[in-house]
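The transmembrane segment annotation in TrEMBL covers 31-55. Per TrEMBL, the feature domain 'CUB' maps to 113-224, 272-385. Residues or ranges marked as disulfide bond by TrEMBL: Cys231-Cys243, Cys238-Cys256, Cys250-Cys265, Cys392-Cys404, Cys399-Cys417, Cys411-Cys426. The domain 'FZ' feature in TrEMBL is assigned to 433-551.
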Amino acid sequence: MSPEPVKNQAANSRGVFSVCVMRLRGSWSSWGTLAVSAAAVLLVAALVLALVLIFTQLKGQSADGEVVSTNPLDLLTGDGLPRGLPTTPTNHSQRDSIVAPQPARYPTPETRCGGVLTDSEGSFSSPNHPGSYPPDSLCVWVIRARPPSLVQIHVSSLTIEGPSPCLFDWLELQEEMEQPSVVTRFCGNVAPPTVNTNSSTVWVTFHSDGSIGGRGFTAQYHAITPEQKSCSREEFMCDHGRCVLPVSVCDGQPHCHDLSDEANCSHKHKECGGQKTGPYGYLATPNHPKPYPHQQLCTWRISVEEGHVIRLSFLNFSLETQDVCEFDYVEVHDSADSGTGRVLGRYCGTSVPPELTSSGPQITVVFVADEGVADSGFNASYQAISLSERTCSPPQFACSSGECLHQEWLCDGWTDCADGTDEHDCDNSTYPPFSSSCEPIEVEMCQGLSYNLTSFPNIWLSIADQREAATLLRQYMVLTELACFQPLRRLVCGMFMPHCSPQGGVLQPCRSVCSWAEQQCSQALDVFTFSWPFNCHLLPDSQDPMECSSP
């Protein structure tokens, strides 16, 4: 099925158009009157063309086969444009005359992706899948089911640069609902459980940065009735439709609100696994080398002395063969718990997994078996390795802590080693140090914020540089005298000119910044019966300056 391209949704208040008119009404609220003055009407008319320009720039191009820009699609919500105001022209000649050129850095025609999916079922995948996805990809799929049907999504394979919290590459799901909904973000090399949404429309975003990639993902969607919510084989359903992977059932930690994933656990699995604290040891599936029993969940938590890492080697290996390892598999976590830390790998079939080395003194090995085919299982050995003795394979480099990381992460401008040694002595590197990626804010409207450094290109809004951002933000300058302009300025500048931290990373504005702007401006929207156009719940809910910014 060929997805329908995302249309220019000027008739939807997801556009920045609504944001700008909202500011205008802030002044009317301060006057305390609902009368529309002639001067205000003229100002609205003068702003229309400029606002449409901003709207179309943020929405991206919408011709058949062209790239879909995601950014405010996820942050702007509503039911429609204000009554009585013109909509953006949709024919090609008019649209082409107002759409600003897109930065060349972003997806090229060879990596087109995204679209509107309206069939009752179908599939979609990252660009080039099953090959590696290209850098700087930005794709949006809008999946629409006919109400009252809901959207169900199953990601059957996933190999996206990780780990959590998925700061570099990610696959993101957002339900379109009247009430704020949770944004679900995936990365790593373990496919998530089936997602039963509570919405007829779901926005799916795939994003990759400019460095390390992977094979990406492939996913299937279905339009289902609320009564048809289901989970894939061996997944556990709880909370009236939430699916949980087998590795998370009876693991000692509740993953369901109703706690059903931790109920009756003594009857579901045979006792196996355990704690191992010696400098070396062995682990094996039950009955090895004979076939392992059905319905197994074995968890080994291995801990060694500080200053050491753990090297895990599989000796014999034979599990049920399956492409994405959903039924019988072994999963290795780089932490003392299966719910935290990065996944070093998930393996099934008959090929012996590679030798694995942890980044610290703890590792968790999980074995899962379903009710179907059983094989001889595996046995493995582990050994504690002193950091001073640890060596990294040729495609890797070693942090001073002993952790091995991708060679591509060396002198790439991002601090990956806990001690920062991957960014030391980079004078002769072809990669600039991260500090050179931060640049002083030169746009007048956004000067005087709590920070003075930003970074471009802006991957969220597809803006190439400050000059392009200044052109867009110039349209806002006519609104500087309005009552709620200052809190709104902080929000808009936080999106257009994001905070660049010299320690590494570009930060979105905190949710509190958006909530404060909404509190100051939302009442003024009633003058024109507008609704607040931003979904503040999509921004980070934190006061930690390392997670988000307060412009």
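From the backbone N, Cα and C atoms, a Cβ is placed for every residue, glycine too.
Small disclaimer: the values here were computed from a predicted structure and weren't measured.
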Cys411 (disulfide bond) and Cys404 (disulfide bond), distance between Cα atoms, whole Å
14
What's the CA to CA span in angstrom from Cys399 (disulfide bond) over to Cys231 (disulfide bond)?
41
Sequence-distant neighbours of Cys238 (disulfide bond) in its chain (C-beta under 8 A, six or more apart):
Val244, His255, Cys256, His257, Asp258, Ser260, Asp261
Have a look at the disulfide-bonded residues Cys231, Cys250, Cys426 and say which one has the shortest Cα distance to Cys392 (disulfide bond).
Cys426
Please tell me which one of the disulfide-bonded residues listed here (Cys250, Cys265, Cys411, Cys417, Cys426) sits closest to Cys243 (disulfide bond), measuring Cα to Cα?
Cys250
Roughly how many Å lie between the Cα atoms of Cys411 (disulfide bond) and Cys417 (disulfide bond), rounded to a whole value?
11
Using a 10 angstroms cut-off on Cβ to Cβ distances, just flag whichever of Cys231, Cys243, Cys399, Cys411, Cys426 is the loneliest among these disulfide-bonded residues.
Cys426
Taking only the CA atoms, the spacing between Cys265 (disulfide bond) and Cys231 (disulfide bond), expressed in whole angstrom, is 20
